[in-house]
Each structure stands twice: as structure tokens, then as C-alpha cells.
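Undergrad: This is the structure I want to talk about, given as C-alpha cells.
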Amino acid sequence: MPQPSLSSLYSDHLRTLTARADEALQRGGFEHLVVPSGSTHYQLFDDRDYPYAVNPQFKAWVPLTRVPDSWLVYTPGKRPTVIFYQPFDYWHVVPDAPSGWWVDHCDIHIIRTPDQALALLPKHAERCAILGEPHSTLGAYVPNNPQPVLDYLEYQRAFKTPYELALLRIAQQLAVRGHRAAEAAFRAGQSEFGIHMAYCAAVGQDANDLPYGNIIALNEHGAVLHYTELGQQPPQPLRSFLIDAGASAYGYASDITRTYAADPDSDFQALIDAVDAAQLRMGQNVRAGVDYKQLHIDAHLALMGILKEFGILTVSPEAALATGVSAAFFPHGLGHLIGLQVHDVAGFAASDRGGRIERPPGHPYLRLTRVLEPGMVVTIEPGVYFIDMLLDEVKKNGHAASVDWQRVEAFKPYGGIRIEDEVVCTDGSAENLTRPVFAAA
């Protein structure tokens, strides 16, 4: 069956966005939605810009990520307007003229200076819901970020359109290409920096393009959850490799983690295999009506069961969870929403009118507490780590007998394990976006 084109998918996506915007504006009492793309600004006491990052509310409408000082304007009943800043500039590369599958669906105006946008924005700024950062202020058009508008739009962003799913799949393909190159570099004995460069070259993206800083962790560095130091020399001996790295596709992110052992016959490889199999089962439980908080708790029990089997825990999974010992080995959340942002918004939202669903007690780093619904895309990223600071807390809290410390010492040189896929909640079985791409790569 032929796949729909991005142009047709975008047309449907735009209808969804305009319907959402109509409702959001009605709730907020505004007549126009105005979204600046964001602006560049200097670093403190310097004449160099901070790296530009596009406003996520802007790239939801159009697949443009490097167009500072541009604007999106939507008025109910009218086509979206894109005010596209294309300066006369011989110091920097100027954005190409708008092109692609989206241009026929919007009214596009080219401006040469930022203040030319004033003549194209709605006449009455006070009637506009302006979603952006303070630096985007232009004349009377000051971002006001009205809460009823944001609450509705951000809540609805959890439900991905077919167009968004198509772009998320492209982001998966790019990232997996990088992951394969990174694994090969690890097997060849490269340093963290060398592995990182191999990844970027394979994906075709650098630090300004990637959705987040690559985590390239060899040996004990795998115990640092967000390790981004990129050592220049490979450690000796080389034992393990944890990579958490994604890619960007037209403003949408992927977020994938894999862990490798240098010795395929080691106990660490066996532990990786056990966590990998458990992670796959966790992903299959992403179903409509399931509370993500419960998935997180179930992940704790599953991982502690593995540690018990490997002789690392001496108590039951339930006891490890109840006493907080499990959090020493699995100290982060099971995952989060993903889309325009790696940690996509409204993970705690109680409804499209606001409110908050709190995390379970004792689990302060879980980033998603909602009940799953069709269209949501979530990460499933269980992990097991050997972190001195957290293991010391186990001893201080009187639970040293819950752990076989000799087994812990044997695994500490490997740092930790994390496996992460992206999974779509559907009306039926879960759809894993990541595994099929690895299988085909």
C-alpha cells in the first residue's frame, strides 16, 4: 500500500493544529495566535551569540528550525501566515527561501529587517496570544503566554498526528545510523570523543543540530546518568559502552540508548541481555488506559528481580522497592513523552485546563504521570547502575544487608546499563518505533 506523502500528512496536521488553536484562543479570550520563532542574543560580556534554539510552539506549525526573528500568525478562519526573516547579510548564511511540502498551505511574507514584521502582525497586540520568550518582544508585541492557551495546546501536543509520527520515524532512522557507527567505533577501540565524532558524521548533525548532548560513556562513566565529558583517550582495559544519543528531523527528536560489553561472554553482557529483554516487555505494556506511573513501579520490580537473579540483591524485589534500595540501582524515571522536545511538555498535566498529577512518593525524577492514550509517544528507558553515592546511602540507611557488596564491586567497573526505545500508544498493541529500525540497519 503506498504511503501518504508528507504534503498530504501536513495538510491533515495543519487542520488538527488550527482546530486546537481555535479552541485555545476561545478559552483564553484572544483573537489571534502569534508565535515568534525566537531570537539570537549575545553571551554575557561577549559579542558571540548563544546557540539559537527555535521556539517549539513555532516548529509545531512549520518544519523550520533555523529562522530567528520569524513569526507564525494564525487567525481562526484564515490560513496561517509565516513572516519569514531573510536578511540581506554578507556576514552569515542567510536562510533559503521557504520551500517544501508545507509552503502551499501557508501565506508567506519575506522580511529583510526584523521590524518589518510589525506591518504584518495583527493590528491590536492586546488581542493576541503571543507564545514566546521575552527576547522575542517586538514593539507592542510582548509574549504573554496566557496559561489557558498554553495548558490546552501543550496538553494536546501529547497526541501525535500521522505527520508527526512520520517525522519521528525519520529521526529514528537518523539516530540508528549514528548508533551503528558509534558501536563500530567502540569495537575499534576509539575514545569517547572519537565515538562521538563517528556518531555525528554518520547522522550528519553536530551539537547545534542534535536534540540533546550525546552521552558517550565508557566503563565507569556509564554510572553518570548524564555524562557528557567526552574523554580524549580510551580507558584501558575497555569494558563497556553506554550511548544515549538522538537525532533531529524537521524539528522532531529521537532519544535512543544502548549499552554494550567489550567481552560478549562476561557477566555484564548477560546482565545487559536480561535488562534488554525486560525493556522489550515493558514497551509492550504501553497500552491505552495504562497509568504510566504504574509502568514505572513495575519497571522497578522487574529490574530488582533481575538483580536478585544475578546475586546483587539479597532481598525480594518488593522489599527493595519498599525500602528505597531499588532507587539506588534505578534512580531515574522510566521515561517521558517525546516529540518536538526530547522531554515533551505536559507530562504531569491533569487535564487540558491545567492541574498536575504528582509523582509517586519516593520517585522524584519520573517525567510522566499521565494515563496513556492513543497517539502518545513515550520513551521506555529502564536502567541499572552502580553509583557510589547512591550505594553509600543504602548503607547509611541501614539496608546494607539487602545487597551483596562483593557482586556490586564486580560490576562497578562497567558503570551501568540503560536501554531506551520510543513506543507509540495505539488503540491496540504498542508500536515500537526503534527496534525495527535497528533490525533493518
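Glycine residues also receive a Cβ, built from the backbone N, Cα and C atoms like all the rest.
Note that the structure is a prediction, hence the values are computed from the model and not measured.
Quick paste of what Swiss-Prot says about this protein:
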type	residues	note
BINDING	Asp244, Asp255, Glu420	Mn(2+) 2 binding site
BINDING	Asp255, His336, Glu381, Glu420	Mn(2+) 1 binding site
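In the displayed structure, how are the listed features positioned relative to their neighbours?
TA: Every protein chain considered, the tally of other Cβ atoms within 10 Å of the Cβ of Glu420 (Mn(2+) 2 binding site) stands at 23.
In the three-state DSSP classification, Glu381 (Mn(2+) 1 binding site) falls within coil.
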Undergrad: Just how many other Cβ atoms lie inside 10 Å of the Cβ on Asp244 (Mn(2+) 2 binding site)?
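TA: Cβ-Cβ neighbours of Asp244 (Mn(2+) 2 binding site) within 10 Å number 24.
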